[in-house]
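A.B. asks: Sequence annotations record features per position, and here Swiss-Prot assigns S-adenosyl-L-methionine binding site to GLY36, GLY37, HIS38, ASP56, PHE83, ASP104, GLN111 based on sequence analysis.
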Amino acid sequence: MTREVFQHSSVMPEEVLECLRPQPGEVFVDGTVGGGGHARLILEATAPDGLLVGLDRDREALEEAGRQLASFGERVLLRHGNFADATRILAELDIATVDGILLDLGVSSFQLDTARRGFSFQSDAPLDMRMDTSAGMTAADVVNALSPEELARIFREYGEERYARRIARRIEKVRADEPLMTTRQLAELVRDAVPGGHVPSRIHPATRVFQALRIHVNAELDSLREGLRRSLALLKPGGRMAVISFHSLEDRIVKQFFRSEVQTCICPPGLPICACNRKPGVALLTRKGLKASESEIAANPRARSAVLRAIRRL
């Protein structure tokens, strides 16, 4: 099979470097290395002897990163795995702490554009959506096995879909005759199920359902919560972490986690004086989430929804 071209534009590259400020000789983790775009920038900034550990759940992305970053030789170490497992992976490499961590969340352009991965409804493909195609349930498994109540919960919580129950009931009805196995089947089902689904619109009516299924299949929000907690523990004092999110659910988790680590007193409101003596663990490097510039969005429309937040460990 001919190798597909891995096209992925790294989002907000200048802003990422400004937040992380990589220096020569430092050690970084790119927890979602993808095609290696951000990783290359970090490796260039940490030359001549800096080290980058690149992680990714997607083996195809990891293979592409290996090709793109081959010129850096032993300065880059690539490992297959979820960034939530970074502590274990770094321990295997005898690395206890690092100077910086980058998490670029969401689906890469390559994953969206590769029809057989099943992330997009733009073409007909198997309903898969797994980041790691070697493990776990596919999106087809989910829509054909779960109860309509559970499906509605997934669509509502992970996709913020207002017609969650209606879509779930339609799935239950359709799958009774034949299983839903392709992206086109599901996209057309959603279009038929929701009011105005066939009215031309900039946003496809199945967008939120596909997002919700992808998040559920890959346990993305649970991985993010665990990954943030473990990543912070890996940072040296003064170390920096930057996170790029692409939808409100992710950004809310990142924002709340960072704010909780900045907090000082966590005593109950009724106490007259502070008794916890808690000191903040981090300093915010971004008071508000940073957004891509208009010029970047014009060149890379997928950057429109990106939000960058960063912290420095105290």
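Placed from the backbone N, Cα and C atoms, the Cβ positions cover glycine too.
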A.B. asks: If one looks at the chain holding GLY36 (S-adenosyl-L-methionine binding site), which residues at least 6 apart in sequence have a CB under 8 angstroms from its CB?
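C.D. replies: Within the chain, GLY36 (S-adenosyl-L-methionine binding site) has Cβ neighbours under 8 Å at GLY54, GLU64, ALA65, GLN68, LEU69.
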A.B. asks: Under DSSP, is ASP56 (S-adenosyl-L-methionine binding site) helix, strand or coil?
C.D. replies: strand
A.B. asks: For PHE83 (S-adenosyl-L-methionine binding site), name the DSSP secondary structure in the helix/strand/coil scheme.
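C.D. replies: The three-state answer is helix.
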